[in-house]
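Quick notes on the structure that follows.
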Amino acid sequence: MATATATDRLSNLKSSVAGLNQISENEKSGFINLVARYLSGEAQHVEWSKIQTPTDEVVVPYDTLAPTPDGSLEIKNLLDKLVVLKLNGGLGTTMGCTGPKSVIEVRDGLTFLDLIVIQIENLNSKYGSNVPLLLMNSFNTHDDTQTIVEKYQNSNIEIHTFNQSQYPRLVVDDFLPLPSKGRTDKDGWYPPGHGDVFPSLSNSGKLDALISQGKEYVFVANSDNLGAIVDLKILNHLVAHKNEYCMEVTPKTLADVKGGTLISYEGRVQLLEIAQVPDEHVGGFKSIEKFKIFNTNNLWVNLKAIKRLVEADALKMEIIPNPKEVDGVKVLQLETAAGAAIRFFDKAIGINVPRSRFLPVKATSDLLLVQSDLYTVENGSVIRNKARTNPENPSIELGPEFKKVSNFLGRFKSIPSIVELDSLKVVGDVWFGTGVILKGKVSIVAKSGVKVEIPDGAVIANKEINGPKDL
């Protein structure tokens, strides 16, 4: 039962939100619904005794998928059911960039977006199919993206953009929207997480348009995941088995701290985040082999099922409270995640995919990996170098001097060869020449006030370097 204060807060909030003319009625009601759910404290409690490890029917091993049909006509028919949707709401602020993250150059002068367009163009040209690309922007990336996509207007691909919702940040003290207190610039607002993809797809009119064109599945992925390319075997499996939702999961490595895992719960498949695991069970949970898989956020979802669930207001995903501060004012952002929607769809499954389908670029350390000789680019897809025998990538730790893309690029005349590298730590005022080769375990930590320049053509294997004398 909601307390009187929660009821009062909600009614005050409603009147304040009604006066915000920067957002649509759909956004206003979506926001109020989210806050109402949050205030009611409807946390979803998982009963530990009911959790079951998923079987191979629930989390399907990739190797057991049927091969893709042979004939190009069958493949064309399969592809004509598909839409690719990239989550494009993020800015490259972590890496010191100001625009949409998807326009950071990744490799050979090509941006994330260039690579995505080349991949889909290649499919459409090869099979005569019409796979459109949808970009879900946020109000932060919309204007820039509109300008950028103009350069693809002569390509063999339809590109559509739409915006995810724009919600007001909540002032923690009185639970009123920040914009109603005069903060009407961008800092007063936030995009409510990628769980918003489903209502936004519907509100934009894109969902109905795609269904009317005979499209059946949308492949949703983060624009910065270079491994998230269209996979015909997965699409073929979903169409054949009429699965409404599929989450790609992959085995965890030591580098993976985030990302929930799939469980079977009361007859349905569900995403379980580590935060939902009671303290006394964390150790046991982490040791169960079947749970050592995590959500890559590559999702395949049936369009008609999205329409059915959005219209029934049935997608009540777990709310993620995200506290922030704007000019000293404590605010709250309420967000949801698309992966958590899995439990509302019928015949939902996970597919345990190869690690190659998860190659996110979240920091310059990831950029170093994908720009190196560890990868090549073929038809827009980033392919791992077969000369690398270790299935895991080297662990890379770069100091704050390398955090921004511009600084990172400035400190490397060329990206070193790392095919035989196990781990690299670089901290301090370090500069790399061209043609450097790194092998084994390498640590280059320049002491304060000391400049370390790695000469052109240097081969560094299993070495610790703290100053020029160690070279």
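Positions of Cβ are set from backbone N, Cα and C atoms, glycine also.
Residues annotated as UTP binding site in TrEMBL: Lys101, Gln164, Gly193, Asp224, Lys362.
Counted within 10 Å of its Cβ, the other Cβ atoms near His194 (substrate binding site) come to 23, all protein chains included. Residues annotated as substrate binding site in TrEMBL: His194.
Each residue contributes its Cα atom, and for Gln164 (UTP binding site) and His194 (substrate binding site) those atoms are 8 Å apart.
All protein chains shown were included, and the count of other CB atoms within 10 Å of the CB of Gly193 (UTP binding site) stands at 23. A Cα-Cα distance of 14 Å separates His194 (substrate binding site) from Asp224 (UTP binding site).
A 10 Å cutoff on Cβ-Cβ distances gives Asp224 (UTP binding site) a total of 22 other Cβ atoms nearby, all chains included. Taking every pair among Lys101, Gln164, Gly193, Asp224, Lys362, the residues listed as contacting UTP, the largest Cα to Cα separation comes to 21 Å. Cβ packing within 10 Å was compared across the binding-site residues Lys101, Lys362, and the lowest neighbour count falls to Lys362.
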